[in-house]
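Encoded as structure tokens, the structure appears first; notes follow it.
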Amino acid sequence: MTAAMRVMSSLTLTLFFSIICCSLTEKLSNASSPNIIIMLMDDMGWGDLGVLGQPSKETPNLDAMAAQGMLFPNFYTANPLCSPSRAALLTGRLPVRNGFYTTNGHARNAYTPQEIVGGISKDEILLPQIMKKKGYVSKIVGKWHLGHRPQYLPLKNGFDEWFGAPDCHFGPYNSSIRPNIPVYNNSEMLGRYYEEFKIDRKTGESNLTQMYLLEGVDFIRRQTEAQRPFFLYWAPDATHAPVYASKPFLGQSQRGRYGDAVMELDYSVGHILLWLKRLGIENDTFVFFTSDNGAALTSGPNEAGSNGPFLCGKETTFEGGMREPAIAWWPGHIKAGTVNFQLASVMDLFPTSLALAGLSPPDDRALDGLDLTPVLLNHPHTQGNRPIFYYRGNELMAVRIGQYKAHYWTWSNSLEEFNKGINFCPGEEVPGVTTHDQKEHTLQPILFHLGRDPGEKFPISASSHEYQKVLSRISPVVEQHKSTLVPGVPQLNMCDVAVMNWAPAGCEKLGKCLKVPKSQPWKCDWPH
């Protein structure tokens with residue numbers, strides 16, 4: 001199927017769904033091994049959902065999903081940047097353990113641009129690899145971002161199918177200097193962004209989200225017909241700048257182009273849930289919706305989301321950078337309309353998915369995720385005051401236990417970058433907190449009560465009884481964590497022009513191969 005054939009209008013999409021519906025003659029059940037769908041958005045903020053207070057109320061399907069399932073207001077990513085958070089989700093481990101960090105600069109964020117040499121380590125065990133033991137068929141739709149060299153791609157790391165791209169949809173590029181990003185169908189490219197897969201930078205029009213929706217629904221239909229349990233990792237990237245939406249959604253939002261993208265994603269989530277019901281597998285399918293990191297406020301005002309009441313955004317370890325929207329949905333199992341204030345993490349999806357599938361996590365490595373099934377199934381037992389660790393690169397920046405958060409280091413972004421117009425906290429600066437140099441507070445952490453002060457604006461006095469009492473609880477947890485931490489080999493240190501997407505697999509058939517330049521490796525520079 002060509003890329004052009006995949007692009008459909010909303011009317012055609014509805015007709016496509018109707019044809020599929022009529023083709024199914026029986027309802028199937030995988031109750032013993034429920035299907036699992038993880039929906040991971042890209043740079044979508046906590047405050048982008050109507051159910052979490054977005055005034056425009058333009059997410060009716062996600063709001064309905066929350067009303068039918070469980071909302072987690074205290075859900076966190078493992079890193080305030082895309083690649084490390086995705087590696088954490090699929091391994092259940094902090095990026096500092098799984099290697100998705102850099103040692104080129106203290107507390108620097110790092111990810112996988114085209115020039116990165118590394119990727120997900122062969123020593124890591126990814127979620128789909130384990131789920132094969134129970135016969136799960138796994139597919140990723142959308143952005144991978146764990147390395148684009150052949151050995152790092154999804155089909156080499158447990159996934160059976162893939163439709164999407166290895167990197168962000170930055171561009172368009174001059175192919176003589178930097179190639180446009182390829183879009184893959186399984187192990188071969190179908191074309192490139194801005195070429196066969198159009199993104200109009202001027203109007204914001206692109207049909208990619210529609211393609212991702214069709215790919216996801218088609219996978220669900222095929223596995224349901226074959227009566228095979230499936231794992232779908234649905235990772236569209238429309239809310240990452242440059243944001244985009246298809247023509248029926250452009251200009252529809254009160255929030256501008258970013259809102260248009262959110263509306264189309266909400267529509268897509270609604271259709272996926274609708275199809276689970278039409279196929280009769282909604283009671284046999286666990287669905288979890290979240291985002292990879294906070295909204296990128298530096299892309300504002302036109303291409304940035306909302307982090308609600310929280311401080312700063314993407315790339316920072318303030319709440320706006322790491323607290324994410326999160327909804328669990330499983331009719332007949334999760335009590336509808338539940339709001340659960342359990343502290344939870346994207347890394348929890350690893351052991352939770354395995355537990356739902358009846359599988360044990362690997363016992364030869366430290367895991368940072370916890371099994372949330374007792375919480376999801378409304379058992380009395382919860383995970384109590386488990387800590388949330390806020391890492392930036394190789395440094396533990398902050399820790400949350402209960403309602404309290406202690407900052408051991410503060411930093412928004414460098415003064416040099418700030419003076420260039422790059423601001424991770426526009427209009428939200430807090431003196432002594434959103435610092436433009438790396439400030440160490442290990443001897444006297446900055447402490448906040450996030451229940452009273454979710455915006456991290458009013459530090460608790462270090463001379464108060466409350467401060468001393470809370471610190472006496474947090475300090476041993478931090479000491480224990482640091483004393484037992486064994487960092488992984490950093491994968492994000494080296495860059496090389498020769499490893500860019502010049503000649504991906506399948507380029508020969510398409511006549512899309514570009515000349516690979518001479519290898520010139522260097523230590524990657526990470527400004528933030």
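Each Cβ is built from the backbone N, Cα and C atoms, and glycine gets one as well.
Curation does not apply to TrEMBL; its annotations are automatic.
Feature annotation from TrEMBL assigns active site, nucleophile to CYS82. Counting only same-chain residues six or more apart in sequence, the Cβ atoms lying under 8 angstroms from the Cβ of CYS82 (active site, nucleophile) belong to ASP42, ASP43, TYR111, LYS143, HIS145, CYS168, HIS240, ASP292, ASN293.
The active site annotation in TrEMBL covers HIS145.
Of all the Cβ atoms in the protein chains shown, 32 others lie within 10 Å of the Cβ of ASN293 (Ca(2+) binding site). Here TrEMBL flags ASP42, ASP43, CYS82, ASP292, ASN293 as Ca(2+) binding site.
Over the domain 'Sulfatase N-terminal' (34-358) the predicted model carries a mean pLDDT of 98. Annotation comment: TrEMBL describes 34-358 as domain 'Sulfatase N-terminal'.
Annotated N-linked glycosylation site per TrEMBL: ASN207, in sequence order.
The feature 3-oxoalanine (Cys) is assigned by TrEMBL to CYS82.
For 1-25, the entry in TrEMBL reads signal peptide.
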Candidate with sparsest Cβ neighbourhood (10 Å radius) among ASP42, ASP43, ASP292, the listed binding-site residues: ASP42
Neighbouring C-beta atoms (10 Å sphere around the C-beta of HIS145 (active site)): 28
Other CB atoms, at most 10 A from the CB of ASN207 (N-linked glycosylation site): 21
